[in-house]
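If you look up TrEMBL, you'll see Gln110, Lys126, Glu147, Ala230, Ala231, Leu232, Leu233, Glu304, Asp319 marked as ATP binding site. Residues annotated as Mn(2+) binding site in TrEMBL: Glu147, Asp319. The domain 'FAM20 C-terminal' annotation in TrEMBL covers 194-403. The active site annotation in TrEMBL covers Asp299.
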Amino acid sequence: SKLAALFQHPLYNIPIPEVTEKDKLFVVNPMEKFSLHNSGSDEWVSSSKAETLLPTGKTAYDTYPAWLKFHVGINRYELYPRRDPLMPTLLRDLATQRIVSSVQKSGGTQLKLIMTFPNYGQALFKPMKQTRDQETPIDFFYFSDFERHNAEIAAFHLDRILDFRRIPPVSGRLVNITKEIRDITTDKKLAKTFFISPAGNVCFYGECSYYCSTEHALCGKPDQLEGSMAALLPDKTLAKRRSWRSPWRRSYHKSKKAEWELNPNYCAQVRETPPYDRGHRLLDLIDMTVLDFLMGNMDRHHYETFEKFGNDTFLLHLDNGRGFGTHSRDELSILAPLRQCCSIKKSTYLRLQLLATQPYRLSDLLREALATDPLAPILVEPHLRALDRRLGKVLEVVGRCLAR
């Protein structure tokens, strides 16, 4: 396994700083036990009043479902650890746990559903909108592109291979539209949008600001539909997140350009603006730029951080559905922060150089990682080949910066 060899490499074993209590997102009472009210219930209690006897040698933590262990493990430095023993279980749960509730997620431009499991875990479901080999038409504006379920899956694995670990776990899943959405939804607005197509397939379209109409309906075969299931982050009432507008945000206008597209010295003013004037925030944003360029994502207008950790923490790389839309063109404008600031973390640069070598070729690693997903193959070969080509271009930009 090339992936196993990669994670053994010294560059993937640089220790994170010691995690103190204040560096944890949640401080958990080690005596609190997680239990369902009863076997048929969809509710859970966290209470010392619950049956307190535990199987010999087990701690209360052992009673937590995988999603809760994932939430409890989040700290200032990482969303999940490099060698996370929990990851296979969490990905399996996303792909196989029984769905007890499906409702539409409010907001956003395209249809997304929140799925709930019997153990109270929740996932964000993005349905399949186009096939693996369809490229985004060249005349499409980036802001009118479809969100792709397979891009969400591939982005999670790519982010992990780059050792950022800033995207919540995502698994592919085949969902039964009738049994797992239509028959169990309590969302009246969503329920009204189901119909049977002339071909006899079950379809629905939901309510949203783009692509929610009978012309853009999502249809099963006859009721099986692919989608991505992303583990939800802790509820914002428990762990507030702050949303930051990216300084290199695009204009989202058909003809206007953003300031960074007109001013080659734009980075100088960003460096003087908080929170980019101190700490590693700008370098973290450049990490995100590299990830976006590799997958061709032009839609990174905002990013989020956990409020508890202030400015000294990682950026969450959420919402990656507009990645992997084109493999035949490289959108060099995505690299503007790297090109204009001529800055990159040394550790990121060394890992990128490693991923350009034969034993650790990026495309081979991602192909291996994606092969374990229930919906494999996730990416067609031209997308995997494009990664190696784009990685070469990132290293060229850094090389020019070093020469300068």
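The backbone N, Cα and C atoms fix where each Cβ goes, and this holds for glycine too.
The predicted model assigns the domain 'FAM20 C-terminal' (194-403) a mean pLDDT of 95. Residue pair Glu147 (ATP binding site) / the residue listed as 'active site' shows a Cα separation of 10 Å. Proximity note: of the listed binding-site residues (Gln110, Ala231, Leu233), none has a CA within 10 Å of the CA of Asp299 (active site). Other Cβ atoms within 10 Å of the Cβ of Glu147 (ATP binding site) number 25 in total over all chains.
Using a 10 Å Cβ-Cβ cutoff, Gln110 (ATP binding site) registers 19 neighbours. Across Gln110, Lys126, Glu147, Ala230, Ala231, Leu232, Leu233, Glu304, Asp319, which the record gives as binding ATP, the greatest C-alpha separation is 20 Å. In this structure, the recorded positions Asp299, Asp319 were compared by how many other Cβ atoms lie within 10 Å of their Cβ, and the smallest count belongs to Asp299. For Leu233 (ATP binding site), the same-chain residues 6+ apart in sequence whose C-beta sits under 8 angstroms from its C-beta are His71, Pro168, Ala239, Arg241, Leu316.
In sequence order, Trp67, Phe70, Leu90, Leu94, Gly121, Ala123, Pro168, Pro169, Val170 make up the list of same-chain residues 6 or more apart from Ala231 (ATP binding site) whose Cβ falls under 8 Å from its Cβ.
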